[in-house]
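Chemist: If you look up TrEMBL, you'll see 7-26, 32-52, 59-78, 84-103, 110-130, 150-169, 200-222, 277-298 marked as transmembrane segment.
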Amino acid sequence: MPRAARDFLRVGVPVVLLFALLPLAYQNELLLFNFVLFLILAQGLNAVYGFTGYLPFGYVGFFGAGAYGFALAVMHLAAPPLLALLLAGLAGVVLGLILTPLLRLSGAYFAIANLAAAQMVYQVIANPALADITKGPYGVSLASVFAPRASYAVALVILALVLGLVAWLRHGRFGLALQAMRDDPVSAAMAGIPVLRGRVVAWLLSALIAGLAGGVFAWHISVFYPETAFDISISIFAIVFTLFGGAATLTGPIAGVLVLYGLYNVIGISVPQYFQLIYGALIVGLVLFLPRGFASLLRRRGIDVP
């Protein structure tokens, strides 16, 4: 059996089954949906950061573009939810194409430019002058397509596909080429690997995943505002979850979501201002001292981490 398929069966399938069965025993469907949503987002960010080394602090821009892509398709095209969801993913990809020149930057310059780009998209969406199109700062209501159970089921399908994609990236030829570019782009280019093309493809895959996540989010809650869809804490959560468990692995982001988002919901909701400070410190500490997350500690002990 190919290693990618084995990892997906060992890790991906149990996670999807767990969240498919939990609604039978736990009635807080919104909380379960948020877990699934962050599992998708963390793996989407993993696809670009884990395999190329680019850390997009403005990742929420793709998420917000997907949410509003879904909303505009429903409001102005009367699109059914599944078609609107595809258009949400397309919105993320289009924004990714527009922002492709940012890949010429690196490090802090890339992170800051990406964050600024996300804020620019937010300002356009929230502009009162565009209220006839986007509803501006007044928020979106999609009551006609409100179907939390259907959207939850579709979110699980997206999660399964994304987990399968990341498993393939870990072991497939393209993913191995991306990891070679990440570790030594000069040597990779000398070996004939198209570095820029590989980065662009990973970037657009990541944008597609975030766009789909934004779309299914809009479908599930049906009422939201620009500041909800473009909340920078979405980027922060996705980054921390990925870095904590270990980027470029299938298990790492999953562990990050289950542990840290679980902890946030146990004690963090009552003191969110402190948790933002803690998460900010975690980002700095993980990037500086443990860039491969806790998975790297297990590898040093000879433990294989899928």
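Keep in mind that glycine also has a Cβ here, set from the backbone N, Cα and C atoms.
All TrEMBL annotations are machine predictions without curation.
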Chemist: With pairs fewer than 6 apart in sequence excluded, do the transmembrane segment (59-78) and the transmembrane segment (7-26) have three or more C-beta pairs that lie under 8 Å?
Modeler: no
Chemist: Can you find at least 3 Cβ pairs under 8 Å between the transmembrane segment (150-169) and the transmembrane segment (200-222), where each pair is 6 or more residues apart in sequence?
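Modeler: Taking Cβ pairs at least 6 residues apart, the transmembrane segment (200-222) and the transmembrane segment (150-169) are in contact, with 3 or more under 8 Å.
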